[in-house]
Amino acid sequence: MTTNQDVRLTGVSAEQILDSRGHPTLQVEVVTADGLSFFGSAPSGASTGEHEARELRDGGTDFRGLGVTKAMTFVDSQIEPVLTEKAWTTLDQIDGTLAALDGTGNFAKIGANTAVAVSIACARAFAHQQRIPLHQWVSEQLGTTPVMPVPHFNVVNGGAHAANDLAFQEFLIAPTGARTISDAIQMGAEIYAALESELRSRFGALGVGDEGGFAPDTDDENQVLDVLVRSIERAGLSPGLNVRLALDAAANSFYDGKYYRLHGRWRSADDLLERYVHLAANYPIWSIEDPFDESDRDAWRDIVDRLGSTVQILGDDIFVTDAQRIRVGAKEGIANAALIKPNQVGTVTQTLEALRAAQEVGFRTMVSHRSGETLDTFIADLAVGAGTGQLKAGAPARGERVAKYNRLTRLQKLHPELRYAHWWAD
Ligand code: PGA
Ligand code: ZN
């Protein structure tokens, strides 16, 4: 029996668009029986976890092998016929059908890029069918209270995202002391401008990394953190009070299987741990993501023991938005928070499962973009609806990054009852 809550699709199609790095990616359109179109597009990572769901790329010479025409063909030849066959009661049914069509367990056949774009488009169709906003649909799936997240602006880039010698990939500012999202965005933009002047006077020519953060020519994270603190002050704000700092070391990218490369020297996990302890003691750093390689689980446990009571130890590549990996990680005590990236696992349904697992084990969560992005703003609604209190979507600059922050502004206008997160006071 079909009900008026069911979604009936009359068309599913895909196009190859360019992402923010100029690489091809997929945009999917689903058309519902009432003639409306809903879209979803796939982002793409550069510093990926070993166990991420697989992207489908063409290979060959066009676009240096990165084309997604095979994925488009899958949408036309296999996904559209199945998804237009019947009415769907839940997104879970559609996402389960995608997983069954794929059959590999990690989307190695149809591609996680294909799956995530279809799944996001369908999530929008379900919310519309129920005549509720997307963030509310998310919150109903999870039983959460929607909240405006604290934006984590990535303002200095290193690692795999920039051409400088900084080992750590991301230096983020989090306006935890803002009262509203518009305050927070203003703080982010004003600090970004102050930071640009500070860095220019110190380093001269200034590159920009993949996520819109500056890429100064240095390998010294102390120097970066000093400049960040000064820039916060120059913007008339108080480091640690209005604005806290966060790091994503993305340590997979400077690990050789045994040692970590920092400042041109190979260091043990213990040395690196001491470095984090020193940084957390000297700067208002409240969150450290991927401090060690995903295989170096003892080191993860050590950092939770040393810093976990005051610092968020956030797992990205080690959990890859996978519910089971989050549960195991919690049991092992290797983190106290999980990063949430829908394309890392493949579908919105699996993303919701990861969020549920994090809730169960008492982990905080941060919703995240990828270094290769599109103008799709799904993650903003996801962060609000899931009540994570944290969203990272890059610098407060560049279209594909500000699209997410601007979506928060829009949601605040449409839903003035949404409160700005205040987890730092917990
Ligand atoms: P990625 O980087 O999108 O290149 O994986 C983001 C992150 O590591 O958080
Ligand atoms: Zn990361």
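Every residue gets a Cβ built from N, Cα and C, even glycine.
(2R)-2-phosphoglycerate is bound by Gln169, Lys341, Arg370, Ser371 in TrEMBL, and the record lists one more residue there from Lys331, Lys392, which is Lys392. Cross-referencing Glu274, Glu289, Glu294 with the Mg(2+) binding residues that TrEMBL gives (Asp248, Asp316) picks out Glu289. Long-range Cβ contacts of Gln169 ((2R)-2-phosphoglycerate binding site) within its own chain (separation 6+, distance under 8 Å): Ser47, Asn157, Gly158, Gly159, Ala160, His161, Asp248, Ala249, Ala250, Ser253. Closest to Glu211 (active site, proton donor) in space, going by CA atoms and restricting to the binding-site residues Glu289, Asp316, Lys341, Lys392, is Lys392. Reduced to three states, the DSSP call for Glu289 (Mg(2+) binding site) is strand. In terms of C-alpha distance, the listed binding-site residues Lys341, Arg370, Ser371, Lys392 place Lys341 closest to Asp316 (Mg(2+) binding site).
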